[in-house]
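*Asks:* Structure in structure tokens, see below.
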Amino acid sequence: MELATRSQIPKEVADIFNAPSDDEEFVGFQDDVPMENLSESCGSLDSLELEKQNACLHSKYFTEELRRIFKEDTDSDNEDFEGFTESELNIGSNPELIESELSDGDKTHPMMSDEEDDDDEEEAAPRRGRQSTRSSFGLRVAFQFPTKKTAKTPDKNSPHLLGGKTDLRREKSCRQPKEKEDSASDAEDESRAESQETSDALLKRAMNIKENKAMLAQLLAELNSVPDFFPVRTPPSASRRRTPRRAFSEGQITRRVNPTRSARPPEKFALENFTFSATKLTEELYSFRRRKTISGGKCQKYRRHRISSFRSVKDITEEELENIAITVRDKVYDKVLGNTCHQCRQKTIDTKTVCRNQGCGGVRGQFCGPCLRNRYGEDVRTALLDPKWTCPPCRGICNCSYCRRRDGRCATGILIHLAKFYGYDNVKEYLESLQKQL
């Protein structure tokens, strides 16, 4: 039985199993199904072929004889296929089988999806099942060899790709202005909303200010309608604020005393502390006691000489005469080296007068050039060169503030401009004219 079945295998079929297939791919094995469901499996296979359009599942070697062999059921599942013998390979010279294979090879698609072919296959299947008495393989293989489709790499310079790129660029360029327009419109909407909010806030503020002003005016009107509730205080007049000026009395004048100043430096200010040694102190005491015993208990008294500013005409030098101040601008102030003027009490370094009276001395007889000319109408140069010249205080005509206060009169102040206005050359003549009028 096994030999009978093997004798039916042609050489071309054996070549299919023995020859290596480089251009064909093995899809897989088909499960064992009974003959009753074979037609249904073939229908499902056809539908699957229609779904997979890109894969070509037909082969030129898939003949009718090969289909019949694989559709037959095996008698025993334990038998294995061990290969083809030489006799089976030589038997393939049967002309009938060769013609059937050639006729089947001319067909491009042996597994057609037409209804007529399906009916023929369903009728031939039970006939082959009855006639076959051999034991076939335990495995049935469905040879479906899809043709390889080489994946064509797209050319970068192809017109289709270039056209697609240009289309994409155009779309992007169209989208960008649209996005800009959308963003600009959004920004305009936001700015309008903000301006609307600010305008609403300003209007609300103006309304509140107006209401507050109206309320304040109403309250002030109500307060003014009740004058007794809030009495209005009249400010005191300026005449009441002024204290009456004390009239100058002709009575006794108190002596002028310098006020006590808290800023006055303490006693012994800026004095150096000289330390004496004990030996020197004992020597001084010893010498003092010795002089006392020698003199008979009486200490020697030295005669005190009063330093006077009296200077003769011969002592006046030409430099001192040139140093006389004619105007106020010629006076140079110096609190260390300068001497004080009796009239203006300013300490300057210019040359001043010297009183020739023996009982006068110090600041009393010193007058600067502007004061002596404006107040008394005299010149410092002639006073220095006159050996008999005496100062105004010694003559009793001094009109300074201290001398007038001592005599019970008030200070005159600056009267030179008023005296010149009335035609007088100095203040002394103007005061004498006033005294005559009284």
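Don't overthink the numbers, they just go from 1 along the chain as shown.
Note: Cβ is positioned from N, Cα and C throughout, glycine not excepted.
Not measured: the values here are computed from a predicted model.
Dumping what Swiss-Prot says about this protein:
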type	residues	note
COMPBIAS	166-183	compositional bias 'Basic and acidic residues'
CROSSLNK	Lys210	SUMO2 cross-link
CROSSLNK	Lys213	SUMO2 cross-link
REGION	201-223	region 'MYC-binding'
MOTIF	9-33	motif 'Integrase domain-binding motif 1 (IBM1)'
MOTIF	62-88	motif 'Integrase domain-binding motif 2 (IBM2)'
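Could you tell me the structural context for the features on the list?
*Replies:* DSSP assigns Lys210 (SUMO2 cross-link) to a helix.
Sequence-distant contacts (6 or more apart, same chain, Cβ under 8 Å) of Lys213 (SUMO2 cross-link) do not exist in this structure.
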*Asks:* With an 8 Å cut-off on Cβ-Cβ distance and a minimum sequence separation of at least 6, pull the same-chain contacts of Lys210 (SUMO2 cross-link), or say none.
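*Replies:* Looking at Cβ-Cβ distances below 8 Å from Lys210 (SUMO2 cross-link), excluding near sequence neighbours, one finds none.
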